[in-house]
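J.: The structure's right below; bear with me while I get my questions together.
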């Protein structure tokens, strides 16, 4: 039988001196006294260390609070100032504009039935391109200049001079708006248009449509035509605008704004009407019959 282990004083381990039966601090070599000495030397027992840890706790940090139901070591991220927060609630106007844009793109793609040879109405593409040339600016400018040079009456020259002014105004305004808006043409468009310039890579507004609306209103107000011819002029302008969407050149909103802009351009031309009284220098150039 093995004898129990004894300490340096000859007493068995696990027993204490009868004189130290009170507080463990008075024990000569007991385990309680050893543990109390260790705990008194730990950093947490120092009041200075305790205050330092308390000052570093998340509760004392500015802008952070402990999570509900979590330990004191977990904390929320600091909150941003009111002026730095992003408003995630879009306005009604923004939602409406995005919805209209989505409808515009969807409808334009559905109506682009002549955008390519493989489209559902691809066989009509040559006819649509011929109609496209009828609304191009170059034929109208060259035709107006030719008729102006061949005109033998002051009334005819006055009308043709203002038609030339209207065509130049249309080219200027459309190029300016296209350069400012810079809306790309539809993705299904084929860039095979007749005689394009740098701004023609943009689609808003439709220059053919503005010109068709301007010229048709000009003709209806200054030329004496029979009713069937007047109906044909209106149909030409409307079908030309529709063909821009069918060919995939423009979106629906490009054409709609083009009709509006062309209509308003004639109002500008009518207000600034050129005559031998208001612009005598221009008419002197064509004084020969």
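Backbone N, Cα and C atoms are what each Cβ position is placed from, and that goes for glycine too.
Since the structure is predicted, the reported quantities are computational estimates derived from the model, not experimental observations.
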J.: Where Swiss-Prot splits the chain into topological domains, do residue 108 and residue 251 land on the same side of the membrane?
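T.: Domain labels do not match for residue 108 and residue 251 in Swiss-Prot.
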J.: Ranges 178-186, 187-195, 196-204: which does Swiss-Prot label region 'Phosphatase sequence motif I'?
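T.: Based on what Swiss-Prot states, region 'Phosphatase sequence motif I' spans 178-186.
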J.: Any idea what DSSP makes of residue 250 (active site, nucleophile), helix, strand or coil?
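T.: Going by the DSSP assignment, residue 250 (active site, nucleophile) belongs to neither helix nor strand, so it counts as coil.
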J.: Three or more CB pairs closer than 8 Å, sequence separation of 6 or more: does that hold for the transmembrane segment (255-275) against the transmembrane segment (159-179)?
T.: yes
J.: Other than its own, how many Cβ atoms are within 10 Å of the Cβ belonging to residue 250 (active site, nucleophile)?
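T.: Neighbour count, Cβ to Cβ under the 10 Å cut-off: 29.
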J.: Can you name the far-off residues of the same chain, 6+ from the ends of the transmembrane segment (223-243), with a Cβ under 8 Å from a Cβ of it?
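T.: Result: 111, 114, 128, 131-132, 134-135, 159, 206, 208-209, 212-213, 215-216, 255, 258-259.
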J.: Going by DSSP assignments with H, G and I as helix and E and B as strand, what are the residue counts for the topological domain 'Lumenal' (148-158)?
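T.: Per-class counts: 8 helix, 0 strand, 3 coil.
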